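Each remark here refers to the structure printed beneath this line.
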There are 6 protein chains.
Amino acid sequence: MTGKFEPLDSGTIPRFAGLPTFMRLPVAEPAEVDIAIIGLPFDLGTTNRAGTRHGPRELRNQSSLMRRVHHVTGLSPYDRARVADCGDVIIDPFDLMRSLDLITAHYAGVRTAGALPLTAGGDHLISLPILRGLASDGPVGLIQFDAHSDTYDTFFNGSRYTHGTPFRRAIEEGLVDPKRFVQVGLRGAISDAGNYDYARDVGVRIIFIEEFIERGVADVMAEVRAIVGDQKTYVTFDIDGIDPSQAPGTGTPEIGGFSTREAQAMVRLLDGLNIIGADLVEVAPPFDPSGLTALTGATIMFELLCVLAGVVETKGKL
Amino acid sequence: MTGKFEPLDSGTIPRFAGLPTFMRLPVAEPAEVDIAIIGLPFDLGTTNRAGTRHGPRELRNQSSLMRRVHHVTGLSPYDRARVADCGDVIIDPFDLMRSLDLITAHYAGVRTAGALPLTAGGDHLISLPILRGLASDGPVGLIQFDAHSDTYDTFFNGSRYTHGTPFRRAIEEGLVDPKRFVQVGLRGAISDAGNYDYARDVGVRIIFIEEFIERGVADVMAEVRAIVGDQKTYVTFDIDGIDPSQAPGTGTPEIGGFSTREAQAMVRLLDGLNIIGADLVEVAPPFDPSGLTALTGATIMFELLCVLAGVVETKGKL
Amino acid sequence: MTGKFEPLDSGTIPRFAGLPTFMRLPVAEPAEVDIAIIGLPFDLGTTNRAGTRHGPRELRNQSSLMRRVHHVTGLSPYDRARVADCGDVIIDPFDLMRSLDLITAHYAGVRTAGALPLTAGGDHLISLPILRGLASDGPVGLIQFDAHSDTYDTFFNGSRYTHGTPFRRAIEEGLVDPKRFVQVGLRGAISDAGNYDYARDVGVRIIFIEEFIERGVADVMAEVRAIVGDQKTYVTFDIDGIDPSQAPGTGTPEIGGFSTREAQAMVRLLDGLNIIGADLVEVAPPFDPSGLTALTGATIMFELLCVLAGVVETKGKL
Amino acid sequence: MTGKFEPLDSGTIPRFAGLPTFMRLPVAEPAEVDIAIIGLPFDLGTTNRAGTRHGPRELRNQSSLMRRVHHVTGLSPYDRARVADCGDVIIDPFDLMRSLDLITAHYAGVRTAGALPLTAGGDHLISLPILRGLASDGPVGLIQFDAHSDTYDTFFNGSRYTHGTPFRRAIEEGLVDPKRFVQVGLRGAISDAGNYDYARDVGVRIIFIEEFIERGVADVMAEVRAIVGDQKTYVTFDIDGIDPSQAPGTGTPEIGGFSTREAQAMVRLLDGLNIIGADLVEVAPPFDPSGLTALTGATIMFELLCVLAGVVETKGKL
Amino acid sequence: MTGKFEPLDSGTIPRFAGLPTFMRLPVAEPAEVDIAIIGLPFDLGTTNRAGTRHGPRELRNQSSLMRRVHHVTGLSPYDRARVADCGDVIIDPFDLMRSLDLITAHYAGVRTAGALPLTAGGDHLISLPILRGLASDGPVGLIQFDAHSDTYDTFFNGSRYTHGTPFRRAIEEGLVDPKRFVQVGLRGAISDAGNYDYARDVGVRIIFIEEFIERGVADVMAEVRAIVGDQKTYVTFDIDGIDPSQAPGTGTPEIGGFSTREAQAMVRLLDGLNIIGADLVEVAPPFDPSGLTALTGATIMFELLCVLAGVVETKGKL
Amino acid sequence: MTGKFEPLDSGTIPRFAGLPTFMRLPVAEPAEVDIAIIGLPFDLGTTNRAGTRHGPRELRNQSSLMRRVHHVTGLSPYDRARVADCGDVIIDPFDLMRSLDLITAHYAGVRTAGALPLTAGGDHLISLPILRGLASDGPVGLIQFDAHSDTYDTFFNGSRYTHGTPFRRAIEEGLVDPKRFVQVGLRGAISDAGNYDYARDVGVRIIFIEEFIERGVADVMAEVRAIVGDQKTYVTFDIDGIDPSQAPGTGTPEIGGFSTREAQAMVRLLDGLNIIGADLVEVAPPFDPSGLTALTGATIMFELLCVLAGVVETKGKL
């Protein structure tokens, strides 16, 4: 049934051959598939070390190493859903606000087309226009894996749209229900003692890395699942949530993060939630000489894809 | 007329966005175009440092930096010919001889389709099966830019098909006319004093780098043009002909090579010859930490493309 | 007299020690010195590969290798003028237009303070606000060493302020006299055949790399000097004018450029001109794994500094 | 007694000096020693990213950092056994099948010479001819630390000898007893749901990373020891079993692997088993910019050497 | 009160701008502050891979990523103490003994000035002259996080002052009380079985990594605190104590080390001890292509700074 | 006759296999050969960026790419002389003066053994003890290819033995005849205007890069040959004489240097001089991510070897 949307067979076509699409999948339009993998080359929201504009390309490159069937479940996402590389969102590198609108419109189109979007960023600001495109009919739940809260108010003379502010805006705009919003893995020094105040005041649940280490994956994820419940939920995975030894190529690295083992275990425990889309952000190839960050990112994308395929299998074409 | 086969407009779609096809061109079949740019990921002919199997991908990546119009001639190859990325030749990484046959068949098909092939290698052995595919009806002339002669007989217990032997085989098989075969840029120590004997004995003209430096580009290229005359000629450009400061990422670097200025000037002086195809070989990305080799290779490919477009304009669709 | 503004003595304080100021100079205000070396970390004008925001820091780092006395003239710029590291211009990474105004104001202040500015960029758009700050009382001459003309009109939906457009704006705004504007080293394919039309139409003299190679440094520089004459002139040096083998770390590399030998010879032949400031732009450290680009840039800055010191010696404090 | 076979004394000869033999040991023939450390530069079995042909050299380089005495046991392998660098096996880079025969013959010779081989690969296919050389008189037990099962049947048009197939061949050829074969650390997506079927059907015990994490080193290793018992056993350690943050330079990295702490603990728990040889494979230096992979590999080799020295002490010269 | 000694505000001055002082702090003299952050570029004690002379500069660079307030305590060290970048100690690269004296004198001055020193090395030998400067009135306690004991006697023809010997000298000179000296994290093979004998004989408590793993951070740190008690104690953190996946850029890496999580947790548990200074040593940038080691080092320095700020708050200006 | 001293045959033993001796030659004692290639891992004379202690190893690694027969002369040095890798000189990394004595004694031994030494450094200070060992019976001529004069008097509190001072010492000690001493390629700013005074005063001929560019290789080398005449002459080649684009991995790079073409041409024109030894110094692998510097160095060593072989052929065993 989904035969048209299979990765290239690595036993016939070597992994080093062929155009590097996501997961070696065909290129298609969102309307043709159940899950649309989308590149979003954008770093206009970055305060310090830019470079995530090159993220989608390297994620595609490293995704050539991915295979078909999850070894724990024995299931292939390509048997459960139609999946394709739906290309890049084209932004305007000289106009942040216009770019946000272009992204919003793009994701509104993906939603209309009935596909679940799995996005490769791009800096973390992209989650805001993605949510604008997907959540226009009411706030959704949000699960955020990250080193940073990204709920600051403004930077630099009042800039409201940066990769440190998307989720404050999303709450203010009614896109995300702060009571169904949970952040896992936060750590690292902050600029001011009050940096987490807004999030806490509106009801966001912050699970710092120290609490995470204390409690472990299973206990934390049980709480995460309880927080978002069975209503619509978006998942955002900032690669800097993972330890910089396993993901050095990012603009704002913080030591002491998740191991990839923990990250994989957490994503697997998203299974069965009512997920409307997911993104993997902040991969900055210019700071990734070994390519490990993009490999880690591509593998997390595969894990997210398997979860999304479960959603499709359960709910059918949106 | 050629509008369908234009590179993406970098004033609208940023260079960092979109799938990295050659020159940001559309993907098409050889039959649809006048010039087929083809990737040939292959390094089974390599004696020492492998890695050219990853060459086409990085050449595509760096070719995102290329533009449309040649600044010296003021001409765009895309106005003169239909050009597309015609994908990769799929080889068998465990069977050298079968791979040579697969390549031969692929290029015979390109020839039948009426397109001039511009190939991104791959190690230098690929020129042999390409010539088998293109020159089946009689020997052609050959212009080789290179640090090495590649006319050895055998390696390692009698291996006849390696990246050090393709042109001896090509002469033996009647694919290349040794009287119309010229090698430019040779240099570097050799394994035995007799390494150049075969080439000289059959009439190949070798222009060592020392002679090249002495005479200069214009004089040397006048002789090159005279040697091949107006009959069918193939062009092969080994990136190791260029100095390793400008092309470090290759398996057999030799210091003291062409500058890129000289290389560009030489390729431009191929204009008007009766060229039936060209290749750019030996880019090995694992040895190219800065990406400069692939950038140099992609730019030489653009120069070769401009020459091929002139052939198309003169002769029409093959 | 200038003893206060001497580099740290490398025979006493090792080059690896101490804060990496430009040329190991003291930090001071423009009003205290004759020549102000200024960092301008800015890449909001970049269309493709960003990273020049990190340029000033790496240029400072590599400038630790610089010494005091020019070996050809036997003169030290520090004997001829008071020179200091005058810090960085602080820009707003989320507001291009505001950043241009901040830069303009900063350089107007430098001008008022009576110092000649030597700027380490930053992408090439910075030359526009620098000129706004320096040339407010009438157009100046301009000598540009570069691979690109940077006289495009707009990019991406009409963006008028990018690193491809500063000199068109500067002419339109009356900051630069196009008749006294010369560009040296241009090369590389262009987006459209008409890309150089504007510059030519208004009288800019373009010396392509091919003409430069043909004529040589001395002849070209004689013409350059004649074009700008003895009136006020600004000098802008884009590191991508130099061949990428000697300056790989830049956003838009073009093979076939100046050698550093040629670049040094050209800058030395600026001696005696009426120069009001200079910049060295487009060093992008994330693409410079060996640090060579910043070393090349820092050395060109030293050459420019020697020329500026000659201006000071001739004209005294502005 | 073993004084002749001591590493260079790093308190007299600096670690940066001298030829980089394994562990800074003398070069000798297998017949002279109890344990022969052997380089096997070979990557003809690699399906995607080659480069392990350069593994032995970098493992030798990094092994210059190794010391003499294990800090946990307080024992030096050089006090317990005669150990030397016995050079490289010479293969034929253009003939996979002939190379396998050359390796088989080489290890048969090592066996005849009475030395235990500790091999530095090379891709994982080398374990097959090593086993052919060592296990010609009946199947042995096998302990495999790895991310992948390497028990596929064929690749690419029926290729039976690749780095994904050695252990299926070894079972089919009666070299390995599948009931005494245990694989630890497997993980990562697979090509088809049936990829592990063969191994399971013939009785191989697969311990996935998830089970390993759940149970811990001690429990898993108790089972491993029980499976192989006190009969002859070979140990193969694929560096990609270790997490790519600690071993990035390998052709088929999989995130979420062993930590080096776990790897060291597991190897130490091999002590006392009846081990006839060991290998460390899949170190690919072209993908290891920091050298960490070879350092990790060299340290695991030292741990394996200590275990082998215990075998020698117990059993005497073979 | 401490307003003068605040890091640059990253919401106003981008992190990529400004001179890279430690933590983006002002430059000041020790007498002006409570805590003096000092660079000590020195690697004359290194036996193998040098490069720590470049450590302070890269630690400063990466410290641009640090923020103000500790996310666990909610406290800012800059609210609790006056902190500044007090520059580098200038050593003599051709005279080891003279350099030790220069360092001793420098730290005696810091002590006299009443500031607690936090030092960025430099190789581990620097701890000896620092202790000479700080502990001239009687032995202090010492907490050492490290892979190596550094209590060897001599190297190379009797050299007594190397990065493998500082703490033996410190005990012999009465600077450190061996009964109040604890080493955590030791591992890796040793040159001779007796390498730890001296330390054990004089009463140093060695906690090997294996014991650390077994017991965990909390239990180990309880013992550490008990050992040093409430008397004066110095803290030395060798970056090679941390696993090389998180700190590859060091001269003598040992796999199997602390995770950064564990390192951070341990440093936080130093809170409340009577600490008279701390150092972070052995960061060698030439072996750190990704910059991760310096980032890890800078973050550990921030953790140490927070502990020192607690000391200041408790005890006031020394 | 010289069959015993041949490089490994790369048509039988792949270049990636075998221990990386210089030029893949056998290891032997100086007394057994005519030309002894010697590694001298030493960087105690370095003022800024160390790392040449690792030079010999990387030069050996890259020399695996060298071949047997010079392509211009058609001669093999191995047919003209017995050549071997004679290992490393062992120095004391904690005692500069003792190391100089160890080196002196070593080269006196080489001289007594009757072999011409070709040395791979090491920083440039090594030329001094080499000359002490070779020139004990009277001053020799000296040809120096370099960016720097290395005739400073002292550094840092009077240090007389650094890589900036060897040739002043050599003249003072009567090892070099300043009238037969020529330096080619000097360039770059200097610390003080008088830095070249000593050299000029005693009669050293300095040919700056500007004069070299003006006159060309042939003219310069004619003068060089005339200066040293037919008496005993030593040749020292500092890799920083070559442009940093072709030799970036060195401690004191200066842009604008020799091209490798020019360097090769100059070395070839040493043919027939009465040369008693040669060295290639200042290759610093930690600053050479692509390995190009060591490749350039190894190739220059091969060129020097060919010249030395001519000396042997003419004069026989010393």
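Each residue, glycine too, has its Cβ placed from N, Cα and C.
Taken from TrEMBL as is:
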{"type": "BINDING", "residues": "C:HIS124", "note": "Mn(2+) 2 binding site"}
{"type": "BINDING", "residues": "C:ASP146, C:HIS148, C:ASP150, C:ASP238, C:ASP240", "note": "Mn(2+) 1 binding site"}
Students should find that the Cβ of C:ASP240 (Mn(2+) 1 binding site) has, within 10 Å, a number of other Cβ atoms equal to 30
Within 8 Å of the Cβ centre of C:ASP146, C:HIS148, C:ASP150, C:ASP238, C:ASP240, which other residues of the chain have their Cβ, at the recorded Mn(2+) 1 site? C:HIS124, C:GLN144, C:ALA147, C:SER149, C:LEU186, C:GLY241, C:THR252, C:GLU282
Coarse DSSP state, helix versus strand versus coil, of C:ASP146 (Mn(2+) 1 binding site): coil
Would you mind listing, in sequence order, the residues at least six apart from C:ASP150 (Mn(2+) 1 binding site) in the same chain with a Cβ closer than 8 Å to its Cβ? C:HIS124, C:GLN144, C:HIS163, C:GLY164, C:THR165, C:PRO166, C:PHE167, C:ARG168, C:ASP238
Going by a 10 angstroms cut-off between Cβ atoms, which of the binding-site residues C:HIS124, C:HIS148 has the sparsest surroundings? C:HIS148
Using Cβ-Cβ distances, find the residues under 8 Å from C:ASP146 (Mn(2+) 1 binding site) that belong to the same chain and are at least 6 apart in sequence, listing them in sequence order. C:HIS124, C:GLN183, C:VAL184, C:GLY185, C:LEU186, C:THR236, C:PHE237, C:ASP238, C:ASP240, C:GLY241
So if I draw a 10 Å sphere around the Cβ of C:ASP238 (Mn(2+) 1 binding site), how many other Cβ atoms end up inside it? 27
